[in-house]
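A quick write-up on the structure given underneath.
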Amino acid sequence: MGGSDGILGNRSVERGKATVSTASGKWLKRRETWLVILGVILHAVYMMSIFDIYFKTPIVHGMDPVTPRFKAPAKRLVLLVADGLRADKFFEPDSEGNYRAPFLRSIIKEQGRWGVSHARPPTESRPGHVAIIAGFYEDPSAVTKGWKANPVEFDSVFNRSRHTISFGSPDIVPIFCGAVPHSTWNTYPHEFEDFATDASFLDEWSLDQFQSLLNKSNEDSKLKELLLQDNLVIFLHLLGCDSNGHAHRPFSSIYLNNVKVVDHIAERVYHLMEDYYKDDSTAYIFTADHGMSDKGSHGDGHPSNTDTPLVAWGSGIKYPKPISSTNHSHCSFRFVDEHMHDTPTPKEWGLDGIERVDVNQADIAPLMSTLVGLPCPVNSVGSLPLDYIDMIEVEEVEAVVANTEQILNQFLRKSYIKQSNSLHFKPFKSLANYSSILDQIENLISVREYKAALKLSENLRSLALQGLHYFQTYDWLMLMTVITLGYVGWMIYLVLHILQSYTSLPGNMLRKEQAVRQRNYTGKVYLCGCLFMGVLSILLFLEHSPPLYHAYTTMTVFLWTQIISEYWFIKALWKHLHGRKFNYIIKLLATTAVSVFILEFLVNSFTDRNLYTWCFLIVGPTASLYLFNSIPWRSGIPIFVCMACWFLSVFTLMPAEIPDNNQLVIVSGVMIILIGVVARWLDLHAEGKYWRSISKHEVKKPKFPMLFQLQALLVGLSSVMVSLSTSHRTQKQELLALHQLINWSIAGFSMVLPLFSANGLLSRLTSIFLGFAPTFLLLSIGYEAVFYGALALVLMAWILFENTVSHLSKDKKSSASTKNADANVIFEHDERCLQLSDARIPLIFMVLFNIAFFGTGNFASIASFEISSVYRFITVFSPFLMAALLIFKLFIPFMLVICVFSAITKLHRLPRLGCYFLVILFSDVMTIHFFFLVRNTGSWMEIGNSISHFGIMSAQVVFVLLLFALTNIYTKGVECNSALITSQKVIFSSGLELGSFVVTSNVLHHSWAAISELYGEIHEPPSSASTVRFKIDDQQPNCTIIAFVTWPPCTKEHLQGRGGRDFVSSSALEETFPLFEFLCTKTNPRFSINKPAIDLFASVRGVLGFLKSQISTKPLIITGHSLGGSVASLFTLWLLDTINLATTKRPLCITFGSPLIGDDGLQEAILQYSAWNSCFLHVVSNRDPVPRVLISPHNPTAPELASPTNEYKPFGTFLLYSELGCACLEDPDSVLELLMATYSEGPVFDYKNIVQQLKGNVICKDSTKVDEWIAQPLQAGIITQLAAVGLGRPQTERRERKWLIRRRDVYDSNVLNEMKVYMAQLEWYKKCSEDEQIGYYDRFKNAFDSSDIKAQGFKKSLTCYWIDMVEEVEKKPQRKGAPFTTRWLYAGTNYRRMIEPLDIAEYYRDGKTDYMAKGRSKHYTQLEKWLSEDEKPANRPNNSKKQNLAGGLTENSCFWAYVEEARISCEVLSNSQSNDMDKHKQSLIVFEADVMGMVNNNAVSAEIFLKHSSFMKWWKEYSEIIRKGIMGTSYTSPFTDFMQNGQFRRYAPGGL
């Protein structure tokens, strides 16, 4: 697998793997993009299904209004709606015993009727007003329609009125009056709705507008006339209670005072109307659309939200009635909010002696219509409350009959629509004889049996309501079945995709099952699926079903078609599982059971938050015990994990209604800073392998060194602003513009800063945590700010736990176990395949994702949104902006969880998209559970929650996907040390290993011993000119040593003297000493060698042959001291070129205190063959000046060396010694830097002492940090080595890494083996193609399916590799003859014969011609040339090939190009389109002769004779040409006889 950072060695492998990712990876990416889109569409469509199943819109058009047959009790109606007024706060007394609504209480006791109006969730303003004014309950999706003008046309009391006058909120009044032409209305500006102020002035505004209208009518005759007409409706919307409740809570003095204001307004309206009209013909209704919870929110079905006051008085309203045993109801009727009909009145209300008449909120609409003699709204489902209306008995019956007929008309209309659109209609049997019931009612009225008529009407109304419900759920069973099958199909398809794309299942077995049968089978399945889908669509079309019905069925059929098309995969998977060991099946079942248990736990947690407390109380100690048994307790990780879990467990015990506590928010800011400081310290100073993978990983230098301090400052500043903003708003009842600007600036700026943090895992996550903290603090009002820090601690614990698991698994398994067993599984960024144990990661993610939901309240409930959270940003009512801020507040904990989840996938090297699909799979298990838990009966609190639970889980696929995309911005650059460790497994520092080998073995000791003995054998006095002495030591049991020294020994002064630093160029050497001409290549045509060194080597030229003859089967060590080391290096270099490395091991050259011998040309020549570079080890003491004498600043003539072509450059590995230890480096720049930096004046250490001190030690003497090398061996090694020679940490580490990448040997056998994996994949592709009687050439040319796309990827990968290989070989220092060893030449030949036919297929597929002249790649020609130079092919038949003809490769890799040209010639001859007919005939004759020759030599693969191959197509065309006589009369040849006699059929079995 490829690495994302390119740390994988030579570029051909890197390009090859990138190519595989480009081909197969692109196919997988396209499939996954399609799968994600499908998932989003599917969940969006299926989420809408609950509204078709349970909550269809009740609106139906086409009914005529029912004209009332009674006289209107009132001429006009006044409707006062106090938005957000709770019943208990309205009726109960204050702390002093005084009632807050004295006027309306007097009405209740003296003039009218009262009760509680029971609202239905969602208890929001729009649905509440629709129920009051239109008489029906909008389906629950109506809450999503927001505050905009009415998007659908429905009837209302306002529509039926002669004229409507309305004043109030801009969010309510336009909904009902905006489209009504006979209306007069006005609203105040949105800016008036400021939660920082006392909103009761809004109610006063409505009253003032109405009063102004009445006053104006005294001067406007038309207005006067309008006001005096009958059927007038006046509507005042009073928003003050709602705004003050949100801002200050319903128990605040401001809210309670607003109740008094509303009562006062009702009184003033009453007096205004009575003084204006003076006819006692006005009816008054006072009520509320919804209540208010204790924390200032509404939306759910809690009694505080559903119980609203209802007071009616005036014309047509009955007077109060004392409660007695005769009029007290004991019926068990339940209201829409599940309140019993005879719920006792609280004593503190002081109204227990007066009859209370409760109604459903929708009952108010028919009540208002009846009072002013209007037809009921045609979609109303309200039942007329007779206990409110003061009418004679016959009119009461007529009113109820009108109400019943209006509801019955809806039933009849729905029945007609369903019957006319259904192929098989099932009527509602209870109303089959509705017309006779109506006749009975009319008869009873005519004979004045009013009570019987009333009872029969009410029964008929009840049946009509039941009938409406019947048709609302008419398609319930069909839709439930389709949606259930759809969800199950989606989950199965998702499992199949994960198994195919992200696991290491035995791919060959699966593909073998698929290859033979899958293609034809899939086509048939798709055809049947399309036919079935078409039949269903026609049936639905005939039934005039809604478009969504088509979407449901199409989606479900499509999914199951996809599943059935994978039949052979599923069958192979079953066989695979059947063949596994029993303990694996147990493990699989146990994992499934645990997963289902956790998911069911999460389902139940939606209704019981306390489960999370038990969860973390148990998980904390359990995880800690596991860690205690696995890692040292001194690390502190086990204790931290336990304490973090216990800390988080506290929050789900706290109330969902968060009390205000600004001091706690400020303290939370301090806690967040402390957590950040600790995390920062751990990032910089943590020790131990269980911390190092996530800390101290500075792949990128931070762009802002002071970033952490800036983020901590912003957290502190946000805490200060929490205090300032809140205190000023409460004291001054306003939000200062300056405070608002500062808060917005802090929130926006802080969230951008994490993008500039270091890309280490812990440092980036800490920055993200601090980056979102200011925004979260500014949106917090209480303990949820502490929850933010607690959640971060648990997320940190999760990272540490997973990091520990990762280390433990690495200790137990070899690196091979983490590789993909199937090359078909292609991931990016060095990702591994998913394993069964990895399922815990998405499961833990889901637990933490849900704790982010429920940690500070039941966010699945609408009532959990605390609007006061946004008051530090905005106080003017703006529903969309406020909702956006509230939702973003919820997003912040999710962002943390997903960021950590992404980091953990990188820590384990898991494919993040694969983990995302697992999350979606687990989410859908919960979704289908919630789908069956959706309710349309019972309390509306339960119904609302069931809808929200299902909606949350259905939206999670989109929700999580969007958050993944958003968090990817923050985590994209995060890298873990584990990823680098994985990459480093394929990078080995031969220099580091070489240094370790010679230091820890006796090689270094034996080498210096040979040099010492050689010096000891010299007894002559030193002369002015140095001479070379050598010694051969073949007495060592494990090696032969050749030692070189110069006499007298070289000194610093000798090299600094005249001519000591001179170069001899390669051109001069070619004339006088041509032993090194092989070093000149096309890319490096010249080099230079130190003149004293080459002169000394030239002096022993005569004995080179003798020295070479001493090489035996034992390893050869060549060593030397000082300038003798230079001679040893040159001798080794000459030897590497002259010996046969295929049969002889490479020699090892060890020098002691040797000066540099060449320029950058020589260095580059050696580096071209990196295996040669690893043959040189130079031992240098920090006290030895000789190795440094030619390097500035130790060379006094250094200024003259400024020319880059004249600088001395090192090659090989350098072992730099100091008293502190030794460092082993290969990078030339680092070597130069350290040679200059480590020199220390003083007496030169005897290398004998150095060897003795190094003997038996590891690379460095300071081994206190050796255990840390495990975390990052290269980095730790370099750090310790630099410390060993007394240096700090310059750029050496980075240079050494780059050097290792460059140094990587292109001939590494591991790389060749990796290419063989790709070849094996193509071999299998070839085999599968032959099974289908087509051959891999033609299959690739036709490009049938995804396997052909994958083959394209493997081909490109191999081609890139071998192109680079040929280029590298051409650049290598080499003699004439075959440059490849036999193994590599065979691999190259095999590659050419396998891959070039695929290139030919691509070439001719694009309509091109003449491949040999125009299309053939140079590297194919070169490989073929090298093969011919290495071994001339035999002319006799190769009978040994007969056994493998069926699976072999055609020797001539251009064979298919000749076939294609032959087919072109056949086409020309058939059409007589050319003047060169003879030329084409001759080419065909030559071609058939060549084919016959290859057949006789067994040099062609049997696949050419497959039924559907291009060759057989050519033969068919050619035989037709022969039949027509184009080739001549009675044309025959050995080849035509061979084909016509059917002898070719015996070719594959080797029967020729």
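Every residue gets a Cβ built from N, Cα and C, even glycine.
Whatever TrEMBL says is automated annotation, not expert-curated.
Noted in TrEMBL for the protein shown:
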type	residues	note
DOMAIN	253-329	domain 'Sulfatase N-terminal'
DOMAIN	466-939	domain 'GPI ethanolamine phosphate transferase 1 C-terminal'
DOMAIN	1107-1189	domain 'Fungal lipase-type'
DOMAIN	1320-1525	domain 'EDS1 EP'
TRANSMEM	34-55	transmembrane segment
TRANSMEM	521-542	transmembrane segment
TRANSMEM	548-570	transmembrane segment
TRANSMEM	582-599	transmembrane segment
TRANSMEM	611-629	transmembrane segment
TRANSMEM	636-658	transmembrane segment
TRANSMEM	664-683	transmembrane segment
TRANSMEM	704-724	transmembrane segment
TRANSMEM	736-756	transmembrane segment
TRANSMEM	880-901	transmembrane segment
TRANSMEM	913-934	transmembrane segment
TRANSMEM	946-966	transmembrane segment
Outside the transmembrane segment (946-966), six or more residues from its ends: residues with CB under 8 Å to it: 36, 39-40, 43-44, 46-47, 50, 55, 140, 606, 849, 853, 860-862, 891, 894-895, 898, 902, 912, 916, 919-920, 923-924, 926-927, 930-931, 933-935
For the domain 'EDS1 EP' (1320-1525), mean pLDDT (0 to 100): 78
Other parts of the chain folded back onto the transmembrane segment (913-934), taken as Cβ under 8 Å at six or more residues beyond its ends: 32, 35, 39, 43, 50, 53-54, 483-484, 487-488, 490-491, 494-495, 497-498, 501-502, 595-596, 599-600, 602-603, 606, 834, 838-839, 841-843, 845-846, 901, 905, 946-947, 949-950, 953-954, 956-957, 960-961, 964
Intrachain neighbours beyond the transmembrane segment (34-55), with Cβ under 8 angstroms and 6 or more residues off its ends: 139-141, 472-473, 475-476, 479-480, 483, 486-487, 490, 494, 497, 546, 548-549, 551-552, 555, 559, 917, 920, 927, 931, 934-936, 947, 950-951, 954-955, 957-958, 961
Spatial neighbours of the transmembrane segment (521-542) far in sequence, C-beta under 8 Å, 6+ residues away: 423, 549-550, 553-554, 557-558, 560-561, 564-565, 567-568
Chain residues outside the transmembrane segment (664-683) and at least six past its termini with a C-beta under 8 angstroms from it: 691, 695-696, 708, 711-712, 715-716, 718-720, 722-723, 760, 762-763, 765-766, 769-770, 773, 777, 780-783, 785-786, 788-789, 792-793, 796
